[in-house]
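Now, the feature entries from TrEMBL:
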- A:7-150: domain 'Aspartate/ornithine carbamoyltransferase carbamoyl-P binding' (DOMAIN)
- A:ARG59, A:THR60, A:ARG109, A:HIS137, A:GLN140, A:GLY265, A:PRO266: carbamoyl phosphate binding site (BINDING)
- A:LYS87, A:ARG170, A:ARG224: L-aspartate binding site (BINDING)
- A:156-303: domain 'Aspartate/ornithine carbamoyltransferase Asp/Orn-binding' (DOMAIN)
Amino acid sequence: MSQLSSKHLLGIKDLTKDDIQLIFETADNFKDVINRPIKKVPSLRDITIANVFFENSTRTKLSFELAEKRLSADVINFSSSGSSVKKGETLLDTVNNILAMKVDMIVMRHSSPGAPHFLSKHIKANIVNAGDGTHEHPTQALLDAYSMRERVGDLEGKNIAIIGDIIHSRVALSNIFALQKLGANIMICGPATLVPKYMSSFGVKVVSDVRQALEWCDVANILRIQLERQQIKYFPSLREYSLYFGVNKALLDSLNKEIVIMHPGPINRGVEITSDVADSHHSIILDQVENGVATRMAVLYLLAGTKP
Amino acid sequence: MQKRLLLNSKHLSITISRLCHQLIENHLVFENTVLIGLQPKGVFLAERIKSKLEEIIKKPIQLGYLDITFYRDDFRRRDEPLTPNETKVPFIIEDKNVILIDDVLYTGRSVKSAMDAMSAFGRPAKVEFLTLIDRIHTRHLPVEANYVGKQVNTVFSQKVLVELTEQGKKEDKIWLIDKSK
């Protein structure tokens, strides 16, 4: 198999296990490319990609932009702040205007869940979901699973804990879909107020004791507390959150086992994770960043290779 | 479909031996020369050339594998993307003499892509190209090989099929297949 089963990447839910394996195999080759003296290939030199970000982003946008440039694509960037969106233009009109400039692919972040799915029904260009509200963030899940596989090998039967603010996280949902497709066992851990009630319907274990989660898992993916998405208080204070759900070195040392620590960033140092953990040998946070470029190159390459 | 045998196992062995001696004439002890086989099948040929050369000159020779998938000029012109193979160039090619090796020279596009791919690893002093089968009169680009195993006059409806023991075949056989008959 050398082709994805879909012409868009809207969510991990739509991908097959074979799709994920193909993305990983292709990413292996791109990881090799980005570690060469000349980190660029000409594959997408006749493709124009628009990064359409209706929501703030630093690392995802940078990672996509770098992946696009490493593939020699032409890149245009759009952000909603100070744009026509503020003047009342609809999503479809905005995107159609961008497409009229002969754009082949759209990488879109939007605060509304399902926005890229809506768009895919109305436009011809390939669409990559770079995060839609609290729904999915498929490329983050791909790079997370790729990084785990790189560190602990085949994920079949491995125990993965996702710890933190689950309810506001699009990473958690995409991670669950991706890891389950790859045969991993998943445990969710967080304060009851930050874990959606429907979580157990996904066939994952749900606990509220961070030590229990860490003792059980091979890999802990620790998520950020998304204060910007919290209109009400979900826990009394950051200090209390850190005390009960934060991962620190003393806790890791007391486990007396090898464990892989991940975090999609940006880190609230001292809240969900302490600096001595984030910068320790357990942590593969910077590998995640490097792998993000390689997996996004793989996704863009495979989607662009499909005739529109 | 009609098949004509171009080279059998014995002829292939003699041809490789001759190619190696031609290489030695120009590169002597391969002090500043490296071999790069093009994925996938050029690699098998390159490995055979490397071992034959090492047998003759009694010195190790550096060999790399180069995949050209991301450098091809027919991306989006095919129904689906090609699956890349491993690239492994574990040496510096800057200022080296590079011998690119592939099994068949057809349109010349692969060689052009290979030179693009190779330039990602540095600027070689000189690049030469070795091919087992040179299909003449089928070139799209002005590309010629420096070392040729066998020259064959072919048309576009024909195909050269290289079967080697490394691919699990019982014996080495190089065929010319006429798809129109």
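From the backbone N, Cα and C atoms, a Cβ is placed for every residue, glycine too.
Remember, TrEMBL labels are computer predictions, not curated facts.
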Cβ neighbours of A:GLY265 (carbamoyl phosphate binding site) where a neighbour is any other Cβ within 10 Å: 16
The domain 'Aspartate/ornithine carbamoyltransferase Asp/Orn-binding' (A:156-303): DSSP-derived helix, strand, coil residue counts: 69 helix, 24 strand, 55 coil
Listed binding-site residues (A:ARG59, A:ARG170), ranked by Cβ neighbours within 10 Å, top entry: A:ARG170
Residue with minimal Cβ packing [other Cβ atoms within 10 Å] among the binding-site residues A:THR60, A:ARG109, A:ARG224, A:PRO266: A:PRO266
Residues close to carbamoyl phosphate site centre defined by A:ARG59, A:THR60, A:ARG109, A:HIS137, A:GLN140, A:GLY265, A:PRO266, Cβ within 8 Å: A:SER57, A:THR58, A:SER63, A:GLY131, A:VAL171, A:PRO264
Nonlocal neighbours by CB distance (under 8 Å) for A:GLN140 (carbamoyl phosphate binding site), same chain, sequence gap 6 or more: A:THR60, A:GLY131, A:ARG170, A:VAL171, A:SER174, A:ASN175, A:PRO264, A:GLY292
Spatial neighbours, same chain, of A:HIS137 (carbamoyl phosphate binding site) - Cβ under 8 Å, 6+ residues apart: A:THR60, A:ASN129, A:ALA130, A:GLY131, A:ARG170, A:VAL171, A:SER174
Secondary-structure category, per DSSP, in which A:ARG109 (carbamoyl phosphate binding site) falls: strand
For the domain 'Aspartate/ornithine carbamoyltransferase carbamoyl-P binding' (A:7-150), residues assigned helix / strand / coil by DSSP: 65 helix, 27 strand, 52 coil
A:LYS87 (L-aspartate binding site) versus binding-site residues A:ARG59, A:ARG109, A:GLY265, A:PRO266 - nearest by Cα: A:ARG109
A:ARG224 (L-aspartate binding site): nearby binding-site residues from A:ARG59, A:ARG109, A:GLY265, A:PRO266, Cα cut-off 10 Å: A:GLY265, A:PRO266
Neighbouring C-beta atoms (10 Å sphere around the C-beta of A:LYS87 (L-aspartate binding site)): 7
